[in-house]
Amino acid sequence: MNILQVSNLIHKYDKETILNDMNFTLKKGEILCVLGPSGCGKTTLLNCISGFVDITGGKITCKEQVVSESNFTMPPEKRNVSLVFQDYALFPHMSVKKNIQFALRNKPKNYQEEKIVEVLKMVGLLEKIKNYPHELSGGEQQRVAIARSIASGNDLLLLDEPFSNLDPNLRQELRSELRNLLKKNEISAIFITHDQYEAFDMADRIAVLNKGKIEQIDSPRELYQNPKNTFVANFLGSKNLIKAIYDENTSAYTCPLFSIPRERIEMSEEVYFYLPNDAIQLKESDFINHDFEVLGEHFRGDNLELEIKFRDIEMSISRPAYAVNIRDKLLKLYFNTDLIKIIPV
Amino acid sequence: MKFNTNKQFAFQKIFILAVCTVVILPFLALLFRAIFGLDSDPSVWIHVTRNVIPNILSNTFSLALYTSLFSILMGTYSAWLVTLSDFKYKKILHICSILPLIYPLYVMSFIYVGLFEYSAPTMTFFRNEWGINLKQFIDIKSVTSISLIFSLCLHPYVYLLLKQAFEGQGDHLFKVSRSLGYTKVESFLKITLPLAKPWIFGSLAIILMETLADFGGVSVFNFDTFTTAIYESWTGMFSFITATKLSAILIFFALLVLGAEAKLTSKQKFFIKSKSGFVAPFELSQLFKSMALIWLLLLIVTTIFIPSYQLFSWCKDNLDLQSLLNNYPYFYNTVRLAFITALVTTIVTTLLASSSRFLKSVNWERLTKLTTLGYAIPGSIIAVAVFGLFTKIKISLGDFINQNSFLYFILVVGLMTRFLSISYKNIFSSFKRISPNLDKAAALLAKPSVIIFKIHIPLIKSGIISGFLMVLIEVMKEMPMTLMLRPFGKDTLSVKIYEFTSEGDWERAAIPALLIVLAGFISIVIMTVVEKIGSKTK
Amino acid sequence: MKFLIPFLVLFSSVASAKTLTIYTSRKEHLIKPILDLYTKETGVKFNYTTNKDGALIQRLKAEGSSTPADLLFTVDGGNLWYASTQNILEPINSQILDKNIPASFKDPKNLWFAFSLRARTIVYNPKTVKKGELSTYEDLATSKWKGRLCLRTSKKVYNQSLVAELIDTLGRKKAKKVVAGWVANTVDIFSNDTSAIKGVISGQCDAAIVNTYYYGRLLKKDPSIGVKIFWPNQNDKLGVHINVSGAGLLKYSKNKKESKKFLEWLSGGKAQALFASLNLEYPANPSVDLDPLVKSWGTFKYNKEFNLSKAGMLQKDAIKLMHEVQYK
């Protein structure tokens, strides 16, 4: 059974179309990350799904029940959807215990007591049960917020950039913790972020949003290997896009580095070569190769990110630190054209 | 980096202590006199305890109770409509909810007594034309009526503070509550309102202080309260000691209120940051839309239409260039006094708030809060206390100080003592919104005086401006203290109004009343414009 | 407080000479014309501040010898008496004043002198009050006046002085009965005389006890108000209750000679006529003519032996009495 089904969702505000014909489904226990630039409609999407905003067209269905239509919006309190915000949104006037208890209304007292202990144990904060939110650190507050959502027993969790306020190490820690918790409790989640690494880490699938439209929705690996267009590729953080010119004589798409024979594709005006990391090798092989100038290097601990240049083409590759002799200012790179994709703008 | 907090912030500590002294010393002198002063005729006090106190206790108590109740209801409803609902006429309601601040209690009182007393034209009309004695339905001198009229004037305080509270919460908490299965109403009751408690209690304290200290208004209704009893025992029974004893009791009640408010709000140390945008969650049904509209119309009629109509119809015989010119000097004096006092008070309060923040100590914060005590003391008592104390100082300094300037000076001091509380509420709650982390960051970069100007003041600008304007309006309306301390030729409009209303001369009182209302109106307009600019630059 | 001194010095200035300073509880518009007239005639200028009597006296006490004031003008004998007990007034020895002002209208020790008189009497609606129904103050306490009386608040000093005279003449027990009777008969208690008279005009009640000049003011504005004046107790010792508006010389005045001269002028014919007529009162100087409207109310008898100082001495008792009978 699908936890969530979004069909032809349209949302207009004052003649401006915010969400433009969105379609996707979410299975039980699935984690979907929504990635996109600011203003692309991510928060509006969450508002529509949680029921705080009416939709203009299309349908939203939760577990076979229609919750939003153009003329009907089921109120949020009736939906089985929890919210987690960037500012944690813990009730300041209630202790941790009371905050979680708040999510357990209409449940018998002993069930409440048990559940509170259970979820606090899950996030490792049982000893803070009597504290107030302002006495906790940011990370602790967010954990409590997550615990609260789990306690509510809702099937779907909506998270709006939940870790943006926290420092990177904490972020990483909480990410994996959250993913484990969600999977263990079989809770579906839609996770908004503008950090592609976070999305890669957390998501079963990623939806890349652009101006209210889903450009592509796929697993992280699939998205990385086969981005549908340059927008998606850029958003995933890739800098390795090279403009491809079609040569009529050789019937191939060409660039200064290589050419790939192909039938001309009627995609768009402009077409680009997309080079995933594994299409570029340092190891000697039969592939076409070129000497690249190393413009700069960024030490990332485990690996080295190199900014490289050939004529006027600039790219970046990531390599394990030991694989590259940093002293070399010239790097010979081999291109496996089988792994190179051609994508429209 | 080590902070030697003992030597550092010495200026701040001295400043806080100095202001506390100025504010509290007269009050202490008064208490001293009440307890240890010589009573030339003890029979007066005994008589008062037997025959007067029971009556004024119940009167003052019921007046305070009803006024608080009505004010809270009115103010909360309006604040809810304006910030949390989709009421179509929010802007008008907002204006109508602030507007009553321009009316002093005593002006609203004489307008309504003049309207509903037996011999009033309206009442006479109803009696003669339709044989209806409205007095059966509307007893203008009952506690309920008086409380309603007082609430019309005072509920803006509740409205303004609650609006701040609601807006400051942002909508995340509300949304989370709903997502956890609570309806809008439940979320409002369980989350929004409890979080607004400091603001509710703060506004309640203001309402209670205003009611307890009122003298002009209750005099028009001939309603006996502590203030009227104090005045009577002093001037009628010539027992200043009895007056101080009654004052001491009144001050005790006031301290009780302040203490309760402090205790109830001290626990809430939350810094509610509202970065989120706001979509008003409550959609009004047809029934509630009509209710809201009726409420708005009621406000317009009772606080705009009726007062203007009454004042103008009383003025119309006297409204000529000559009488306007006659009133101009009083108008000038009123505005000048109000402006100077508001300026001094705002500066002092900003420095107090900033100093208290630097010191970061609960005890210093409590000490600073003591400076708001002046609000608890009726104006006439402050006047006598301040006058007595400063005159002694003046005499010891020598005779070269001009009496007029001296009086003006202590009048401003007395007024500041009384109205510091308002300034405090506005500026301190603005300060509370600034996270202490900001101070820590700033402390590493600059010294306190720079921090005040470059960081604190810009961030609390709206608090400063609303504090300034509120003190301005209050001073313009103030009467008992101004009456006692004003120097020669510095009569204000409030003084003139009192003189005329104490003789039942509503007509003569109408022009100065109109002028006070006009001056107050202009201040409100400025306050609104500034608020608009402030919210745009955010 | 050190930082206060430069602040205060900034505001210093020198006072001008030949100026008299008056603290007055008599309203500005009733005293300014007199002051202006004197200034015109003699060149002496005036500074004045108006306030309630109690407040003025407190201020004078607190100011002590540094007071800038020369004269205290106040209304009601009770207030004058109180001022005389607070060691702020100085006796005036003046043959002119002794000649012009009768003994019952000045302090026995010459600490204050009355300059105008007012009567607190009964006004009534001739349409609803039969001839002969009205007789005395005490009569208003009888049951035949139930629901027909309008009273002003006991907090106003005029009522306190009236009750004081009742206590003095009738004795406390009887006076208490009378006041209790008034309270039982009254339809409402008003904060001012004008409203009480309006009560009679509008038919809310049939009679009210008020000061003559309030009646006069309303009459002047509208001669057709249909309310008439009545002088009670014309056949007994009590007579009509008279009260005064007067003045005293302040002990620490720096212009005593000039102040005395002014008061002497004020007790004379022209000044008296103006002073009284401004407020439709009776001049204290019996040889001065009355304002025509006031004259039209007729003459009446009053207790010449009752010195207003007594009203002051009994004021506290009067207030206690009024509290005891719940007279608001």
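Cβ coordinates are placed from backbone N, Cα and C, and glycine is handled just like the others.
What you are looking at is a predicted structure, and each value in this text was computed from that prediction instead of being measured.
If you check TrEMBL, you get these features:
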- B:57-259: domain 'ABC transmembrane type-1' (DOMAIN)
- B:331-527: domain 'ABC transmembrane type-1' (DOMAIN)
- B:14-36: transmembrane segment (TRANSMEM)
- B:56-80: transmembrane segment (TRANSMEM)
- B:92-115: transmembrane segment (TRANSMEM)
- B:143-162: transmembrane segment (TRANSMEM)
- B:199-218: transmembrane segment (TRANSMEM)
- B:238-260: transmembrane segment (TRANSMEM)
- B:292-310: transmembrane segment (TRANSMEM)
- B:330-353: transmembrane segment (TRANSMEM)
- B:373-393: transmembrane segment (TRANSMEM)
- B:405-424: transmembrane segment (TRANSMEM)
- B:457-476: transmembrane segment (TRANSMEM)
- B:509-530: transmembrane segment (TRANSMEM)
Check: List, by number or range, the same-chain residues at least 6 past the transmembrane segment (B:143-162) whose CB is under 8 A from its CB atoms?
Finding: 59, 62-63, 66-67, 69-72, 74-76, 78-80, 82, 97-101, 103-105, 108-109, 112, 116, 196, 199-200, 202-204, 206-207, 210-211, 214, 217-218, 221, 223, 302-303, 425, 429, 466
Next item on the list: Grab the same-chain neighbours of the transmembrane segment (B:56-80) for me: Cβ-Cβ under 8 Å, and only residues 6 or more beyond its ends, written as numbers and ranges.
Entry: 93, 97, 143-144, 146-148, 150-152, 154-159, 161-163, 165-166, 188, 200, 203-204, 207-208, 211-212, 218, 223-226, 228-229, 253, 282, 295, 299
Next item on the list: Report, as numbers and ranges, which residues of the same chain sit near the transmembrane segment (B:14-36): CB under 8 Å and 6 or more residues beyond its ends.
Entry: 241, 244-245, 247-248, 251, 348, 351-352, 355-356, 359, 364, 367-368, 370-371, 373-374, 377, 381-382, 385-386, 388-389, 413, 417, 420
Item checked: Spatial neighbours of the transmembrane segment (B:292-310) far in sequence, C-beta under 8 Å, 6+ residues away -> 77-78, 81, 85, 87, 89, 92-93, 96-97, 99-100, 103, 107-108, 111-112, 114-115, 152, 284, 510, 517
Notebook entry, point to check: Taking a Cβ cut-off under 8 Å, which residues six or more beyond the ends of the transmembrane segment (B:92-115) line up next to it in the same chain?
Noted result: 75, 78-79, 81-82, 122, 140-141, 145-146, 149-150, 152-157, 159-160, 210, 214, 216-221, 292, 296, 299-300, 303-304, 306-307, 310-311, 314, 470, 473, 477-479, 494, 497-498, 501, 506, 509, 513, 516-517, 519-521, 523-524, 527-528
